[in-house]
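Q: What TrEMBL shows for this protein is this:
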type     : residues : note
DOMAIN   : 7-79     : domain 'Glycine transporter'
DOMAIN   : 94-167   : domain 'Glycine transporter'
TRANSMEM : 6-25     : transmembrane segment
TRANSMEM : 32-52    : transmembrane segment
TRANSMEM : 64-84    : transmembrane segment
TRANSMEM : 91-108   : transmembrane segment
TRANSMEM : 120-140  : transmembrane segment
TRANSMEM : 152-172  : transmembrane segment
TRANSMEM : 178-198  : transmembrane segment
C-alpha cells in the first residue's frame, strides 16, 4: 500500500507542477519564475504542514519530489502549446484532483498520527497539504486564489478530511477502507466539478459592491 501511495504521490506531484505552471503561463513568466512557481505548487502544501507539525520536511529525505516537480515545470515551459490543448489540460486537472485527494488524506493522517491538535488540526492540515501550494502560487503570481475563485476545490477536500477524521476517531478498525473511500469521495466531487464546471452556489457567495 505504501509503495502504491508513493507512486501515486510522484504522479500527483508532477501533475501539481504542471497545472501550477499552466495557471500562470499567460502572465509572461520567465523560466526561473516557472521553476519557482511550479515547485511551490507541487511541494508547498506538504512543506507548510511539516513546518507546523515541527516534523522533518517530507522532501528532505527523498528529493525526487523536488527534481520531478522541476522537471515537469521545464517540460511545460517548452511544451506549453501541447499542455494547453483542452483535452490534455482537462486530463491534467483530473490527475491534479486525484493528487489533491491523496495529499489531503495523507496530511490528515500524518497530523493524527502525531496526536497534533486532535481532532481539528488534522482536518486543517489535510486541507493545507492539498491546496497550500496552489494558494502560495496564486499569491506570488498575483492571481485570484482558489478560495476566492468559487471553484469547487477546497470544499471537497475539506469534506473528505472531516469524514476521514471521523473514521479515525470512531471507526479506527476501518482506517484503510475509510481512507480509500474518503479519497475517492474527494476525487469524485472534484471530477464532477471539472466535468460539469460546477461552482459554489450564488446563495453562498457574498455580493460584490
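Using N, Cα and C of the backbone, Cβ positions are placed for all residues, glycine too.
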Q: What is the average pLDDT across the domain 'Glycine transporter' (94-167)?
A: 94
Q: Could you tell me how many residues in the domain 'Glycine transporter' (7-79) are helical, how many are strand and how many are coil under DSSP?
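A: Residue counts in helix, strand and coil order: 63 helix, 0 strand, 10 coil.
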Q: If you count Cβ pairs under 8 Å, which stretch among 6-25, 64-84, 120-140, 152-172, 178-198 touches the transmembrane segment (32-52) the most?
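A: The stretch I would name here is 120-140.
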